[in-house]
Amino acid sequence: MASFSTAQPLSLPRHPTFSNPSQPMTNNDRSRHTLSLIDRCSNLRQLKQIHAQMVRTGLFNDPYSASKLFAISALSHFASLDYACKVFDQIPQPNSFTWNTLIRAYASGPDPLRSISVFLDMVSDGQFGPNKYTFPFLIKAAAEVSSLSLGQSLHGMAVKSAVGCDVFVANSLIHCYFSCGDLDSACKVFTTIQEKDVVSWNSMITGFVQKGSPDKALELFKKMESEDVKASHVTMVGVLSACAKTRNLEFGRRVCSYIEENRVNVNLTLANAMLDMYTKCGSIEDAKRLFDKMEERDNVTWTTMLDGYAILEDYEAAREVLNSMPKKDIVAWNALISAYEQNGKPNEALLVFHELQLQKNIKLNQITLVSTLSACAQVGALELGRWIHSYIKKHGIRLNFYVTSALIHMYSKCGDLEKAREVFSSVERRDVFVWSAMIGGLAMHGCGNEALDMFYKMQEANVKPNGVTFTNVFCACSHSGLVDEAELLFKEMESSYGIVPQEKHYACIVDVLGRSGYLEKAVKLIEAMPIPPSASVWGALLGACKIHANLSLAEMACTRLLELEPRNDGAHVLLSNIYAKSGKWESVSELRKHMRVTGLKKEPGCSSIEIDGTIHEFLSGDNEHPMCEKVYGKLNEVIRLKANGYEPEMSQVLQIIDEEEMKEQSLNLHSEKLAICYGLISTEAPKAIRVIKNLRVCGDCHSVAKMISQLYDREIIVRDRYRFHHFRNGQCSCNDFW
């Protein structure tokens, strides 16, 4: 018999191996033997040999034989659509099976809509109409391209062809409607199926999970149980995913018991789904027990465990899982980087990224880049962010919406607004996240009017804003004092844009009004809120009271805030600052004593600066930095500039310090001054000094930065908790409105 190694051509024997090889081979014997060889083909070259033999012997003229050859050419693992079409064109009279096979092949191919063209050719040919085997493939094509109108048209045709209620057609329609986001139509189709099979239930459960309705998936599973429908492993995967999304550990454990009691086949996919449910629901003990029992594990298994430990912020255990993996892939590295980045540990995320860079044969992907760019944005690592941008260009990585948004966000938060604008302008297609990222960047840099212009250009481009867009626009208005514009958009949010204002939006408008001195108006807005005011709303009002020194209103706002968040150290500090600014030192002492007794500590001021790709951090009064002597030497030089018209703003010293000299010394030790001085000794003009501070920059440091920018002829860019300050020639971009 012939060998079927892919390295060798297929040898067609003159006769099969019978018990009596001398017996002559009949035509039927040759046909049967040739057809058996079709099933044993392992590559296209072998199939072409058989095709040639069939043409020579006339076997290709037999409809059944030709259809068999064609099906392999179109649907096998080595299928070639180009070759399959040539085979199809040679068939004298294609039958219904052959037409459906070609439709199926195109529906599963890179261009699913080509299946519709084939369908139209079949109908125009007139010999065969669509049947219950035709529609599932056509509907699959509509689902692949998420074309609701096409799916609806095919649904109508299936009903007219009297196959609309066929279970295979109906199951395909359910999948299609879910893919197109039409959950109501999917539910309606489901109810029309007279005899639902397990695929019908699975399609509904999976659809609900994938489209963000996991609760409905769980309810449907309960109904499935009540109707005594035997679940499959696919059902269980869907239900466990719903449990994971709803964090319903109790139901998840019940599902695991159901699997065991009903002897559902537990393959690797199902085992991984069980593991994912346990980790997402926070039961790492259950996950570890299952993991240890699993005889077969793949990278999904290992990464799920890594994610589980990361969710609980047990990074040591997560790291141990990564180190123990037989084969570390990019997904595992991404999981650890994302875990650090999303849990407020950007420096650790960047350390893992640098380690990843040293790995051989692992290519960074878009998820890696987005997570790392987000970490860069948090710490102000502009140089690494630039390197990633260059990497994207060098390796031809496509700028999808996520990568584009991450680049804009990174450049904006690292202080390079021009580069953010450049990235935004370089892409032709922009979704709501790209537009929102650019609006947010403009907002944090105090470009309020430009942010508003961008908002209206977004609508001209037929991109509908979302809640994040409005948050960014309101922030832009707040930093630029655009009160009327913010109020107008706030009123139009629901009526014109269909977006119901949430807590963040109310907090933003309170901030807009409060910063501009409309405290009474801000209070009325809070009192009229249809939802309970959140801590952020009261925090915005409290911050405004500090700006305008309204002590009585500040005490009320702080009381309300602490009712919601008793351990909010920021609220205590803000009220303490307002007392100090008003000279009420006794109240300051009482508040500070309360903080000591309750163990509340003020978040220490910390400023960072990136030099040659390394992040340097400074705390107030820091003497840990290896170059602290030179830093303080430069600071003393700056202090001596007092003779040039600078006077320290003593109101910014918010402790009880009697001696003026001690007050001035306290101001001089603020972290942003130390970071700026380190920038002066570590860089040369015209390079900008970029500083990131975790708290709001104080008035004295703001004045000093303006002075340094003029006397040293340096551009200084400071990002505090709320916005950017660009200092040039003794002026700040905020125009002292912050």
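Any Cβ shown, glycine's included, is placed from N, Cα and C.
These features come from TrEMBL:
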COMPBIAS  17-28  compositional bias 'Polar residues'
DOMAIN    645-738  domain 'DYW'
REGION    1-30  region 'Disordered'
REPEAT    197-231  repeat 'PPR'
REPEAT    267-297  repeat 'PPR'
REPEAT    298-332  repeat 'PPR'
REPEAT    400-430  repeat 'PPR'
REPEAT    431-465  repeat 'PPR'
REPEAT    466-496  repeat 'PPR'
Could you put numbers on the helix, strand and coil content of the repeat 'PPR' (466-496), residue by residue per DSSP?
28 helix, 0 strand, 3 coil
What are the helix, strand and coil residue counts for the repeat 'PPR' (400-430) according to DSSP?
23 helix, 0 strand, 8 coil
Under the DSSP assignment, what numbers of helix, strand and coil residues are found in the repeat 'PPR' (431-465)?
26 helix, 0 strand, 9 coil
